[in-house]
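J.: According to TrEMBL, the record shows the following:
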TRANSMEM  37-59  transmembrane segment
DOMAIN    99-198  domain 'Ig-like'
DOMAIN    202-297  domain 'Link'
DISULFID  CYS248-CYS269  disulfide bond
DOMAIN    302-393  domain 'Link'
DISULFID  CYS322-CYS391  disulfide bond
DISULFID  CYS347-CYS368  disulfide bond
Amino acid sequence: MYKQSRLYKKQSYRRHYSTVILGSEEPIRFLFEDQDLMMICCLQTLLLLGAQLLLSLAAPTLPNNFFYHDYLKGNGNKESIGVKLHVDSAQPSVFAVRGGNATMPCRFWYEPELSSPRGVRVKWSWRPAAGGHETDVLVAVGLRSRSFGAFRGRVQLRQDSPGDAALVMSNLLLNDTGSYHCEVVDGLEDRSTSVNLELRGVVFPYQHPGGHYHLSFPGAQRACEEQDSTLATFTQLFQSWKEGLNWCNAGWLADGTVQYPITRPRVPCGGHAVTPGVRSYGRRHLHLHRYDVFCFSSSLRGKVYYLQPSHKMNLTEAQQACQEDGAEIAKVGQLYAAWKLTGLDHCDAGWLSDGSVRYPITKPRIHCGPSEPGVRSFGFPPPQHKHGVYCYNRHMVT
């Protein structure tokens with residue numbers, strides 16, 4: 001029994017006392033019958049690898065250069081020593097519309113150029129225009145890729161040519177705006193670039209049916225969503241101010257600040273002495289404070305139109321009339337988008353889904369309100385009052 005035990009133990013040594021030398025072109029496995037001999041060999045191997053590491057660190061003449069030899073993944077290529085990885089975007093911003101497509105450019109290359117392609121990892125992430133945490137959009141290794149969250153099924157890598165890592169997006173949503181980060185990883189080295197996505201659309205002020213300054217921040221979010229829009233960003237409001245938006249009532253923005261745009265200074269809006277600009281109250285308490293809101297809408301898949309009635313209607317009759325016409329009563333964001341992006345112009349006031357009465361004017365004229373283009377509002381009249389109606393048909397082409 002004692003001899004069998006020793007024999008089993010000796011065989012066990014032979015099975016377990018082994019090591020792999022990684023410093024050669026092909027991995028070499030050695031078997032050892034003596035544990036001390038194996039430890040000496042391992043120490044020699046570690047010293048050899050440490051010397052190689054010191055040599056690589058002692059060659060800093062080319063900043064950001066790196067050694068590609070990857071023992072674990074077989075990504076080694078001795079011609080790659082001293083090669084530099086570059087990542088760049090052809091443009092800083094991409095403009096698109098809701099429901100459309102967008103291509104976020106990104107490409108990578110090496111200097112000097114490699115004679116054979118290398119396997120890299122490409123990661124796209126997104127930071128919302130309103131701020132917040134960065135979230136993953138897509139990760140790809142070679143031809144395999146995975147998309148995440150709300151981007152699943154709407155994004156893919158273009159890969160039209162070597163080094164092409166452009167992100168192709170489809171069916172864009174209002175909240176897709178923001179900064180997109182393209183990161184290319186090759187072994188221990190990574191490089192990145194960013195591209196901004198901006199949607200063309202329209203910013204409009206909105207108030208609660210109960211009057212001015214009734215909306216908390218969550219209430220403002222819901223109000224915009226109910227009107228087929230989203231909270232405007234500061235960039236969108238600032239662009240609208242440059243285009244002439246002049247509004248004296250303060251409203252929530254997507255980042256939790258409260259601001260309002262003034263092109264013509266006047267006493268109720270900060271006084272004559274204050275220069276034109278976007279006035280800010282800064283960040284306010286999201287639940288306790290109450291203001292109006294600035295919403296943002298983009299293009300429509302469908303058509304907004306004024307339904308020519310044989311007689312004026314109350315709100316309930318207006319909703320029924322649109323349904324009988326194969327449509328639904330239009331929302332405020334849809335009316336603004338049709339006015340701004342398709343040139344909808346009609347001088348008759350009509351009901352909208354929130355109970356307000358409005359009409360869009362692109363060519364100002366007598367009996368159609370002020371001398372500037374815009375969407376005129378009669379506020380929220382009692383629902384029994386008689387007016388026309390604006391309908392929205394998602395299947396009609398503008």
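The backbone N, Cα and C atoms fix where each Cβ goes, glycine too.
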J.: On a C-alpha basis, identify the one among CYS248, CYS269, CYS322, CYS391 that is nearest to CYS347 (disulfide bond); the candidates are the disulfide-bonded residues.
T.: CYS391
J.: Between the disulfide-bonded residues CYS322, CYS368, CYS391, which lies closest to CYS269 (disulfide bond), Cα to Cα?
T.: CYS368
J.: Given the disulfide-bonded residues CYS322, CYS347, CYS391, which one is most crowded in terms of C-beta atoms within 10 angstroms?
T.: CYS391
J.: Taking Cα atoms as reference points, which of the disulfide-bonded residues CYS322, CYS368, CYS391 is nearest to CYS248 (disulfide bond)?
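T.: Looking at Cα distances from CYS248 (disulfide bond), the smallest one goes to CYS368.
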J.: Which one of these disulfide-bonded residues has the most other Cβ atoms within 10 Å of its own Cβ: CYS269, CYS368?
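T.: Its Cβ has the most other Cβ atoms within 10 Å: CYS269.
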J.: Tell me the Cα distance separating CYS368 (disulfide bond) from CYS391 (disulfide bond), rounded to the nearest angstrom.
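T.: Distance (Cα to Cα, whole Å): 20 Å.
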J.: Around CYS248 (disulfide bond), how many other CB atoms lie within 10 A of its CB?
T.: 14
J.: Please report the distance from the Cα of CYS368 (disulfide bond) to the Cα of CYS322 (disulfide bond), rounded to the nearest angstrom.
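T.: For CYS368 (disulfide bond) versus CYS322 (disulfide bond), the Cα atoms are 24 Å apart.
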J.: Across the domain 'Ig-like' (99-198), what does the pLDDT come to on average, as a whole number?
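T.: So the average pLDDT across the domain 'Ig-like' (99-198) works out to 94.
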